[in-house]
Amino acid sequence: MSDSSTVMFEKVAFIGLGLIGSSLARVIREKNLAKQIVASTRSVQTLLDAKQLGLIDVGYSNAAEAVQDADLIVLALPVQATQTVLKTIKSVLRADVIITDVGSTKANVVDAAHAVFGQNIPTGFIPGHPIAGSEHSGIHAGKVDLFAHHKVILTPLANSDQDALNKLITLWQAADAEVICMDVQQHDEVLAHTSHLPHLMAFNLVEQLANRKDNLDIFRYAAGGFRDFSRIAASDPQMWHDIFFANKRAILEAVTGFEQQLKQFKDVIERQDSQKLMGMLGHARAARQHFNHMLANNPLMEKQTVTQQFRILPGTQKFVGKFTVPGDKSVSHRSIMFGAIAEGTTHVTGFLEGEDALATLQAFRDMGVSIEGPKNGEVTVHGVGMHGLKAPVSALYMGNSGTSMRLLSGILSAQDFDTVMTGDPSLSKRPMERIAKPLRLMGAQIQTTGEKGTPPVSIRGKQILQGMHYDLPMASAQVKSGILLAGLWAQGETSVTEPEPTRDHTERMLRAFGYEVKTEGNKISLTGGGKLTGTRIQVPSDISSAAFFMVGAAITQDADITLEAVGINPTRTGVIEILKQMGADLSVENQRIAGGEPIADIRIRGTQTLKGIHIPEDQVPLAIDEFPALFIAAACAEGQTILTGAAELRVKESDRIQVMADGLKTLGIDCTPTADGIVINGKGKIGEWSTIFTGGEIESHHDHRIAMSFSMAGLRCAAPITIYGTETVATSFPTFTQLAQQAGLNLEAS
Ligand code: S3P
């Protein structure tokens with residue numbers, strides 16, 4: 001019994017005390033939420049057991065007696081029995097009573113209430129559905145933690161009382177459940193697909209196998225797949241019998257969808273259509289992974305949960321090794337996008353299997369493109385041509401990826417179907433008007449439906465786009481690319497002028513796909529109406545990922561790190577230039593061209609300490625993603641490092657100026673953020689390699705680069721550094737932890 005909890009109810013009456021009812025009774029009892037708990041059940045034995053277990057104070061065989069004076073009634077019985085019970089208790093209800101239930105279907109519970117109360121359903125009547133349970137049933141299977149970290153859906157009616165709803169929410173939260181409210185119909189449709197259909201399929205499979213003559217052999221040799229898939233077929237038949245009838249309409253619809261999908265699988269296997277089958281299996285597998293991620297990150301679907309943290313301990317002895325960091329994120333995104341709208345097949349190697357690029361890949365699969373892989377960085381995209389994309393069945397989820405959302409805005413504005421794009425909490429705060437505005441000038445119908453010109457982005461198809469010239473107000477490769485991509489479908493010429501050169505992967509790759517793109521100074525142009533032809537794309541290693549190791553080696557005595565086959569496209573090499581100016585011992589070796597992009601091995605040694613510099617503004621767009629890491633280098637340098645002209649950093653995955661300044665201060669570094677940059681007073685001394693950072697706790701604000709940058713601070717820390725929210729590292733650098741540990745960083749991920 002918890003002393004801190006407050007009694008919420010005078011008397012709680014359970015009608016039925018099976019698995020769910022008795023588990024909730026256990027919670028109410030343990031947390032002391034009610035003065036009295038009573039129950040009425042059909043089985044006398046259950047009442048005796050409930051008393052013996054200490055779950056109830058009084059047991060009744062008659063529901064009307066049990067609910068006398070109760071201020072909370074929980075109907076925890078088969079949904080089919082709801083109407084009979086409501087009829088029995090109708091005349092003895094308190095005026096302020098709260099009545100809820102725990103059934104898996106909701107429309108029929110509401111129908112039952114209508115049948116009994118007509119238009120006067122009590123305002124405290126709020127149906128509910130805890131999405132928890134097990135294949136076991138009965139009072140003895142109940143557990144006090146059955147609902148912990150599970151969802152409970154409440155379906156208030158139009159006349160439901162807000163106080164009653166709040167009380168129910170508090171009750172379920174006391175059971176450590178997450179409460180979601182939705183309307184009755186939506187509940188039944190969602191559950192038909194996510195719960196009722198899978199149960200029916202499990203019963204169906206076991207029934208099918210059990211009816212075979214060789215059933216004994218089958219069950220004896222049944223492998224893990226059968227065990228996993230059929231587990232839920234051991235559930236209570238009576239309960240599922242009731243549910244299948246109670247939610248008949250929605251379930252039958254779901255079954256029809258299942259039959260159609262199964263038929264498609266049957267057809268492609270019959271026809272031995274290998275490409276189609278790989279496409280379907282790959283899509284399903286990716287969708288499964290994607291949904292996992294969505295569930296973990298989408299606040300609309302689930303409470304935000306931070307799933308990972310890094311802890312870096314002081315005393316790293318060495319930072320050495322030769323590493324190949326994963327593929328370039330910008331190039332990976334574009335390889336899928338361009339491959340999808342090309343004619344013919346595109347083979348990609350070195351593809352970044354990080355969540356951002358996978359979000360792009362999933363979006364195109366959702367638009368009907370058959371894509372094989374990724375497997376060991378290899379992807380095959382079966383292009384559908386400029387007019388072959390199909391309407392996705394639901395919103396496209398872009399995760400954490402601004403590049404996906406902004407570039408796709410251009411492509412989707414030119415399609416003949418409507419689309420909506422959503423993202424995770426970080427992406428949902430990022431400005432989308434910067435791309436929506438110019439696209440509107442071309443005739444696109446695009447809306448940023450978030451509060452401040454932020455996602456979701458909603459696009460109306462069937463618009464005829466006109467080519468135009470646009471002077472970019474900010475140096476942004478994403479905006480440039482989004483406009484040029486819309487220009488592929490626009491009438492006439494589309495051109496952009498950038499204030500400073502930004503990464504030119506779009507221009508280079510369009511040419512690799514056989515599309516003419518002109519560049520004159522800072523002006524880039526193309527003419528709509530052409531086509532792309534599938535090709536081979538070799539994705540270089542991402543210099544933005546390499547940058548963490550470059551900085552790590554530059555600040556660590558005797559470090560010796562070589563990063564192999566890194567992309568050194570001149571629009572991306574600001575980090576090399578800046579580190580060199582700060583005095584790092586850095587050499588670019590073995591330069592060569594691979595897949596149209598220059599690459600090289602980059603070697604950095606910890607032979608000399610760094611000095612602060614005023615970072616040249618022309619380097620800013622060329623190192624835009626590397627500043628969080630460079631700030632760590634600046635903190636270790638002697639003297640001041642001044643960054644100006646970098647206001648764009650404030651609208652990245654987080655406000656990187658503020659978030660880095662906060663973190664640096666936490667770790668004992670004197671720095672001052674400014675509107676468009678930062679001044680960092682380095683704590684280093686030329687020729688000395690002493691510790692720079694105190695220990696401390698860093699909040700990464702869902703920003704992968706913040707998390708990885710502060711990890712490198714661990715190479716010069718005096719006490720442990722804990723970094724929260726590091727799960728986003730997987731968006732761009734899924735092997736970061738492993739490579740950092742291999743190099744010698746004392747990093748624990750948990
Ligand atoms: C990117 C462009 C840059 C960069 C981002 C990737 C791209 O964004 O920060 O990580 O692939 O075009 P901006 O266009 O916002 O500068």
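Keep in mind that glycine also has a Cβ here, set from the backbone N, Cα and C atoms.
TrEMBL annotations: computationally assigned, not manually curated.
According to TrEMBL, the feature domain 'Prephenate/arogenate dehydrogenase' maps to 10-299.
For Lys329, Gly402, Arg430, Gln478, Arg656, Arg705, the entry in TrEMBL reads phosphoenolpyruvate binding site. Around Arg656 (phosphoenolpyruvate binding site), the C-beta neighbours below 8 angstroms that are at least 6 residues distant in the chain are Phe627, Pro628, Leu649, Arg650, Asp703, Arg705, Ile706.
As annotated by TrEMBL, 3-phosphoshikimate binding site applies to Lys329, Ser330, Arg334, Ser476, Gln478, Asp625, Lys652. Under the DSSP three-state reduction, Gln478 (phosphoenolpyruvate binding site) is assigned to helix. Residue environment of Gln478 (phosphoenolpyruvate binding site) contains 23 other Cβ atoms, counted within 10 Å of its Cβ in all protein chains.
Sequence annotations record features per position, and here TrEMBL assigns active site, proton acceptor to Asp625. Close to Asp625 (3-phosphoshikimate binding site) in the fold, though at least 6 residues off in sequence, lie Ser544, Ala547, Lys652, Arg705, each with a CB less than 8 Å from its CB.
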Neighbour count (Cβ, 10 Å) for Ser330 (3-phosphoshikimate binding site): 29
Among Lys329, Ser330, Arg334, Ser476, Gln478, Asp625, Lys652, the record's 3-phosphoshikimate binders - longest CA distance, Å: 19
Fewest Cβ neighbours within 10 Å, where candidates are the binding-site residues Lys329, Lys652: Lys652
Distance from Gly402 (phosphoenolpyruvate binding site) back to Ser330 (3-phosphoshikimate binding site), taken between C-alpha atoms, in Å: 11
Ser476 (3-phosphoshikimate binding site) versus Gly402 (phosphoenolpyruvate binding site) - Cα distance in angstrom: 11
Predicted model, mean pLDDT over the domain 'Prephenate/arogenate dehydrogenase' (10-299): 89
Fewest Cβ neighbours within 10 Å, where candidates are the binding-site residues Arg334, Arg430, Arg705: Arg430
Binding-site residues whose CB lies under 6 angstroms from ligand 1, from Ser330, Arg430, Ser476, Gln478, Asp625, Arg656: Ser330, Ser476, Gln478, Asp625
Inter-residue Cα distance where the pair is Arg334 (3-phosphoshikimate binding site) and Gln478 (phosphoenolpyruvate binding site), in Å: 11
Integer Cα-Cα distance in angstrom, Arg430 (phosphoenolpyruvate binding site) to Ser476 (3-phosphoshikimate binding site): 14
